[in-house]
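What Swiss-Prot annotates here:
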SIGNAL    1-25  signal peptide
TOPO_DOM  26-601  topological domain 'Extracellular'
CARBOHYD  N76  N-linked glycosylation site
REGION    165-208  region 'Disordered'
COMPBIAS  165-175  compositional bias 'Polar residues'
DISULFID  C236-C261  disulfide bond
DISULFID  C245-C260  disulfide bond
DISULFID  C255-C270  disulfide bond
CARBOHYD  N379  N-linked glycosylation site
DISULFID  C457-C478  disulfide bond
REGION    549-594  region 'Disordered'
CARBOHYD  N561  N-linked glycosylation site
CARBOHYD  N596  N-linked glycosylation site
TRANSMEM  602-622  transmembrane segment
TOPO_DOM  623-638  topological domain 'Cytoplasmic'
Amino acid sequence: MAGGSATTWGYPVALLLLVATLGLGRWLQPDPGLPGLRHSYDCGIKGMQLLVFPRPGQTLRFKVVDEFGNRFDVNNCSICYHWVTSRPQEPAVFSADYRGCHVLEKDGRFHLRVFMEAVLPNGRVDVAQDATLICPKPDPSRTLDSQLAPPAMFSVSTPQTLSFLPTSGHTSQGSGHAFPSPLDPGHSSVHPTPALPSPGPGPTLATLAQPHWGTLEHWDVNKRDYIGTHLSQEQCQVASGHLPCIVRRTSKEACQQAGCCYDNTREVPCYYGNTATVQCFRDGYFVLVVSQEMALTHRITLANIHLAYAPTSCSPTQHTEAFVVFYFPLTHCGTTMQVAGDQLIYENWLVSGIHIQKGPQGSITRDSTFQLHVRCVFNASDFLPIQASIFPPPSPAPMTQPGPLRLELRIAKDETFSSYYGEDDYPIVRLLREPVHVEVRLLQRTDPNLVLLLHQCWGAPSANPFQQPQWPILSDGCPFKGDSYRTQMVALDGATPFQSHYQRFTVATFALLDSGSQRALRGLVYLFCSTSACHTSGLETCSTACSTGTTRQRRSSGHRNDTARPQDIVSSPGPVGFEDSYGQEPTLGPTDSNGNSSLRPLLWAVLLLPAVALVLGFGVFVGLSQTWAQKLWESNRQ
């Protein structure tokens, strides 16, 4: 039976290949004297894709040809809308948008001429030829589709060809379906590609177990269900690992309609057979199932079957010893979609690579390769919108121009920041370590996208922001890490309008020390901040990230060397004075970070105590000596 089928279909296929070789396949004619490259292309909604199958050891290069015959190298270019994807042992894919460079529109069709080169490892060009991509494709009744044009290497060897028996595949209106007519490239859901020559003798045409295509039940129950071609008894003899078929109803009719096997005596009555099964679902999913039996028949490895254009994330959803299953959305995994009249056509490719075994003096393979072109066709008129999305045009870009920024630094009376000191209240007197609540704000601005940024804040002994010594309060917008009393940033409450126009922090009152004598400077401390305004747009968030690490150090006067860079500096209306806990300005001597100055009175007491004891002991000794001397003198007189 299989031999008869192969003989029956051998003559038409051979005739078709001969006609293609003689000249009808005008797009895929190789250069004289050079073997051709196997390739095919597809047309999508927004662009076209060229699929080229190199031989082992070949590297593909693409060039586009303009209307004057000039060739231009192809690289991944977002300006020209050209993209190339190439991986070892897999087809190379060249994609071009209809808006791309050198794509010409003639008579409502898009034309792109592509020059392909297969380069050997030594840099020599092994194969070179042109291909013209035309989208939408011309009428297949007048022009042979490139997917069936045979490469020149057909005449050199006897490759194993994967061919499919024709089946009746026309469904009723409104169903997702596939048309299994391999000799009609315009409607075929499977376009077999010749495999690599396999070792040993074999027939020129090897008949693949017939693939079946199923459809899901209609939404309209009054319409007649399409009854697909049933699998043969041999195809339903699955030895082990029966895989349940995806059907809505478990009836025999629904199972066979889906292209699956049915046996009510089994635990799994509806299961996939020993073939390739394609299912198209109205909820927007592809199901592709390939059996191990089919893989063995055509000398391919089941584990090497994958989606041609898919990323690595589109791996099989289920892989057993007997089957491999791909389940993915129609719009994912490299699926192309095009609109033909009132029909939506989704297409994808299943391909198989080869397993290479490397030896000490060479490499071999025992695998053939094949590709399975799957197609789902839906009637667009049957679909109703389930969601409408409105994308308003982007807001016009803000007009920017240079100008002054009005800023203000003021000191609040308490931590609530509800009232502030006026100019007549300065200088403000604070005890050492007492908190000072500081606010910097942007004035006369109502743009909510403006963000006030604090870069550096510091204290100085005069109204000159650059006078030394200085003490840093904020560094790069974050509390200065060298301060043992870390400055605290204060969040704004929700009632403050334009919160991004404000920055608040609390600093502990301090006294600047003279860098030479390390004694407290008698005077006032003025507060300064360098600021800028940032406009949030796109990826610019205008935020400052501060680390949470702490380092306790003694306050000492710092030195700023930022004066070379222009800055917007804002200062407090007046200075902050300080006094000790007794109401007097302290005159401190040198101290260390452990507060040893507070231990000095105790140290003096400890040192003076032995001296006092020594003086008292000496006095007692002198007194006793005089007493004993007088008593001795009186006793001698008597």
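The backbone N, Cα and C atoms fix where each Cβ goes, and this holds for glycine too.
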Which of N76, N379, the listed glycosylation sites, has fewest other Cβ atoms within 10 Å: N76
Spatially closest candidate among N76, C236, C255, the listed recorded positions, to C457 (disulfide bond) (Cα to Cα): N76
Number of other Cβ atoms within 10 Å of the Cβ of C245 (disulfide bond) across all protein chains: 25
Other CB atoms, at most 10 A from the CB of C236 (disulfide bond): 17
When distances run from the Cα of N76 (N-linked glycosylation site) to each of the disulfide-bonded residues C236, C255, C260, the nearest one: C260
Confidence summary for the topological domain 'Cytoplasmic' (623-638), mean pLDDT rounded: 75
C245 (disulfide bond) versus C261 (disulfide bond) - Cα distance in angstrom: 8
Candidates C245, C260, N379, C478 (recorded positions) with Cα within 10 Å of C270 (disulfide bond): C245, C260
Residue pair C260 (disulfide bond), N379 (N-linked glycosylation site) - Cα distance, angstrom, rounded: 24
Rounded Cα separation (Å) that holds between C478 (disulfide bond) and C245 (disulfide bond): 62
For C478 (disulfide bond), the number of other Cβ atoms found within 10 Å of its own Cβ: 14
Subset of recorded positions (C236, C245, N379) lying within 10 A of C255 (disulfide bond), CA to CA, in sequence order: C245
